[in-house]
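Just below is one structure, and these are the notes that go with it.
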Amino acid sequence: MKSLNDAISKIIDYKFTNYAILEEALTHPSVNKRNSKNQIVSYERLEFLGDSVLNMVVSATLFKLFPEEKEGALAKRKTDLVCGNTIANVAKEIKLGSFIIMNNSERCNGGRCNLKNLENSLEALIGAIYIDGGLENVEKFIIQYWEKLAKGMLDPPQDPKTSLQEWTQKNKLPLPEYELVKQTGPAHNPEFTISVCIEDYGKVSACASSKKIAEQKAAELMLEKIGKDASV
């Protein structure tokens with residue numbers, strides 16, 4: 001575990017004093033590792049904590065960077081910065097996938113490149129840094145990667161779901177209706193199929209590793225469909 005700590009510390013510029021918390025942050029649920037109380041040890045609890053820490057630090061960073069913006073604009077920026085794809089891309093940047101501890105089946109099925117695994121493990125790593133090193137160290141880590149992303153946003157982004165809702169309101173149509181079509185895959189690596197329906201434009205579906213992302217993808221597909229139909 002010391003060698004793992006040494007290797008990852010060179011990338012994230014933080015060295016853990018508690019090796020066990022680092023190992024927990026990098027352990028995929030597929031390992032089925034148990035502690036002395038026969039409880040499964042994986043990154044899921046730390047992921048829960050890391051998600052909250054990331055949201056807090058990103059919110060504070062945006063508050064400082066954009067002093068003139070209203071809450072709504074800041075919220076749009078934050079939503080984009082803490083979404084699954086953004087977190088997974090940061091995980092790719094630091095090559096976190098190569099450090100995730102998983103069973104052979106998960107690894108052979110592309111687990112090290114799975115976007116949901118990358119998202120979850122990075123959130124867990126953030127939670128672990130917070131526990132091991134406190135707020136100052138975790139802020140340093142998050143700001144190192146997220147501040148440049150925040151500064152790169154010239155304007156608050158408009159997510160597809162919001163754009164689709166505004167389009168229906170503008171055209172005096174009922175609001176979009178989202179429906180979970182099906183959920184497949186194991187509990188630790190699910191895939192959700194979500195459909196969205198717009199009156200006069202039918203229904204489209206999209207799949208993703210989370211309901212939120214699937215809804216955004218479905219909304220994006222519906223906007224494309226509306227654009228094509230409108231141009232006919």
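Here, residue 1 is simply the first one shown, and the rest follow in order.
Cβ atoms here come from the backbone N, Cα and C positions, even for glycine.
Counting only same-chain residues at least 6 apart in sequence, those with a Cβ under 8 Å from the Cβ of D51 (active site) are V82, E123, G127. The active site annotation in Swiss-Prot covers D51 (among others) and rests on sequence analysis.
Summarising the annotation, Swiss-Prot assigns active site to E123 (among others) and lists sequence analysis as the type of evidence. Packing around E123 (active site) is summarised by its Cβ count: 27 other Cβ atoms lie within 10 angstroms of its Cβ, all protein chains included. According to its DSSP assignment, E123 (active site) is helical.
Secondary structure from DSSP puts E47 (Mg(2+) binding site) in a helix. Long-range Cβ neighbours of E47 (Mg(2+) binding site) (same chain, at least 6 residues apart, Cβ-Cβ under 8 Å): N120, S121, E123, A124, G127. Per Swiss-Prot, Mg(2+) binding site is recorded for E47, N120, E123.
The domain 'RNase III' annotation in Swiss-Prot covers 5-134. Across the domain 'RNase III' (5-134), DSSP classifies residues as 90 helix, 6 strand, 34 coil.
According to Swiss-Prot, the domain 'DRBM' annotation covers 159-228.
Cβ proximity to the Mg(2+) site centre (mean Cβ of E47, N120, E123, cutoff 8 Å) flags the following additional same-chain residues: Y43, E44, L46, F48, G50, D51, E119, S121, L122, A124, G127. N120 (Mg(2+) binding site): 30 other CB atoms within 10 A of its CB, across all protein chains.
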